[in-house]
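According to TrEMBL, the active site annotation covers Asp73, Asp252. If you look up TrEMBL, you'll see 55-357 marked as domain 'Peptidase A1'. The signal peptide feature in TrEMBL is assigned to 1-23.
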Amino acid sequence: MIFSNILLSTVAAAAVINLPLKARDLSDAPEIAAELFKRQAGVFHSTQTKGDIFYEAEIEIGTPPQKVSVCFDTGSPLLWVPGSNSTQCKDSCKGRTYDVSKSSSWQYQKEGKNWGGTGNWGKDTVSYAGQTLEDFNVWVSKDKIANSQGIFGQSISDNKHGSFIQGLADSGKISRAVYSLNAEKPVLFADASTKGVVTNVYYGGFDKAKYEGPLTTINCSHPGGYGMPLGGLSIQGEEIPEEKNKRQIVLDTGGIKVQYSNNTVEALSKKFGGEGQFSEGAWEVGCDQKPEITYHFGETKIDMPLSDYVSKGKDGKCRINKIHLSGNDVKTLLTGPTLISRALVIYDNERSQITIAKAKYTDETDVVEITGDIPGAVPFKP
């Protein structure tokens, strides 16, 4: 389902602009889910609301502007949209397509293959969060396409014509290519009570009132991506030895499920009444238990309740079976809004860093611009 836009509000900070995103349900876009599963990449303000699989933004492309709904995606850097004449998309992409023939500012560049189809790369005017960039790179499908939803990438790219964030920085609209996310309350997996939860997006700054405890800056593992070292995982204060400084983690707004190794979920089973038993393709837990795990990012620790991922089988046994379970040799764990919403996350594209802290849910606000180092942050130490 598509949820209503939240009301625009005013934030008392220099150059702060807000714009609502909308939540999309998995049943609306199974093709988006399929693509996202393959991963498992001044201050301007926007907000986004919780969907079961991804966040949706409304951007404007072309002259005169055409409104196009896109997936707000921290896992990729570029802008891809369905073309209005895409043969596969004519009946399923209503409200989500862009018609190059109706834009006087469209400039064709070349043909290219992306997202399971063929399309055209070109340049056009793109607007979002009250800001406009000209000659921005856009890929527009023209035949089949793997999904009926556009992708508005936010991850690292130094191309001001291909990265919206880099374009804002290079044009002087923000001081550095950096943005932050903070939710107004936790997003719960498959729980109707949290549909419509607002997540704030700040280009060029962050809200100092929205975190508590240490604020930790972590170097990303490789240029162009948001993979970063995970210090470890613990259960009820006891660290899981096999998980200490062993894996990378990616915090991705397009992520669908949390991902853990077999070691981790076996440890959860032993701690929470399942006695380490594996049956029906999942690890058992006691039906009266409320499993929880803690993520370690240096001094920053974030608790993650897992009760929503537990279900009772026909045999009466309860199992953790709604997660993405991986082998013990998995190098990178993917996770999405259920963890991101429990943190203040600052994505620093300029320095290839992530700064993270435990979320504080409060009506107070203290938005600050980021012009150099992240105020109050300490470096990650394994």
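Cβ coordinates come from backbone N, Cα and C, glycine included.
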Margin query: Taking DSSP as the reference, which of helix, strand or coil describes Asp73 (active site)?
Written below: strand
Margin query: What does the structure give for the C-alpha distance between Asp73 (active site) and Asp252 (active site)? Integer Å is fine.
Written below: 7
Check: Between the active-site residues Asp73, Asp252, where is the Cβ count within 10 Å the lowest?
Finding: Asp252
